[in-house]
Amino acid sequence: MALSRGLRCCQRVFGWVPVAIITLVVLWSYYAYVFELCLVTVTSSIEKVAYLTIFHVIFLFFIWTYWKSIFTLPQQPDKKFHMSYADKERYENEERPEGQRQILAEMARKLPVYTRAGNGAIRFCDRCQLIKPDRCHHCSVCAMCVLKMDHHCPWVNNCIGFSNYKFFLLFLAYSLLYCLYIAATVFKYFIKYWTEELTNGRAKFHILFLLFVAIMFFVSLLFLFGYHCWLVSQNRSTLEAFSAPVFPTGPDKNGFNLGIKKNLQQVFGEKKRLWFLPVISSQGDGHFFPTRTLSEARNPLLASEEQWEEDGLDDDNLDYNQGSSISVEMET
């Protein structure tokens, strides 16, 4: 037990190493751009003011979204998805797998879950002792079940899911913009130093290296951001892209795809003025998601509308369905 706690403590400490590396790189880039480029190298006052003003606006949004991605805690399933004491006793005392599956099926009838495990069973997490909501997965790094889990990101030392996926996407977008702006404004002075039109040795090192770092990060982030834009357009998580969610009719990689407009609204919300701000605007609460009309029409477990009304759910012509499956633990 003591060894396990020690390893967990070490894991938490070392988990901040990638964040510390990114923070140091960002602090250096700030110093190199503001002091070595704008204050030392650039001679035009108008150019200095313009460069510094635009830079600090982009830098503010970049830091803001990075902070929100790191410190927005992953959202866990509501208490009603956890086993009650009585159900837990029944489940533990039942030795037959068929009996255990029946107990979970009885519990799932009261919950708005629709997806299943690959073998058709209810999605259940043994560690958290709960029935998983649709699109929820257990993260072994965070040691918890995370609503609409996408992946565990070491660069923010956090699990990316329903509560912070919008912030993560904005972080990638503003990171790209930050790198692009630095590269575009530094390039002219890079050429001057390269051709020895300018000779300041210290500033030359920072500016040359700043351009290379900005381009390197821009290229790597461009592929990652493009991939997540595609995921949003298809209404899939990273996990669902690798393993299609299983519905009562079978696996369906497009089961949650409602069209690009509605897919975007699920992540960014309906108010477009909030799309580019790192504030909460995503639709729903992360426990249930509308599915395609075709999947709903073929759902044999669809309950009566009265049951959803009792739970206070407004399906708005897109039913939130019942379902099932056992846990597929994600190791990162």
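Residue 1 is the first one shown; counting continues down the chain.
Glycine is treated like the rest: Cβ placed from N, Cα and C.
Unlike curated records, TrEMBL annotations are generated automatically.
Here is what TrEMBL records for this protein:
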COMPBIAS  306-318  compositional bias 'Acidic residues'
COMPBIAS  319-332  compositional bias 'Polar residues'
DOMAIN    122-242  domain 'Palmitoyltransferase DHHC'
REGION    306-332  region 'Disordered'
TRANSMEM  12-33  transmembrane segment
TRANSMEM  49-67  transmembrane segment
TRANSMEM  167-191  transmembrane segment
TRANSMEM  203-227  transmembrane segment
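In the predicted model, residues of the domain 'Palmitoyltransferase DHHC' (122-242) average a pLDDT of 94. Packing against the transmembrane segment (12-33) from elsewhere in the chain are residues 55, 59, 62-63, 66, 70, 141, 154-157, 182, 186, 206-207, 209-210, 213-214: each is 6 or more residues past its ends and has a CB under 8 Å from a CB in it.
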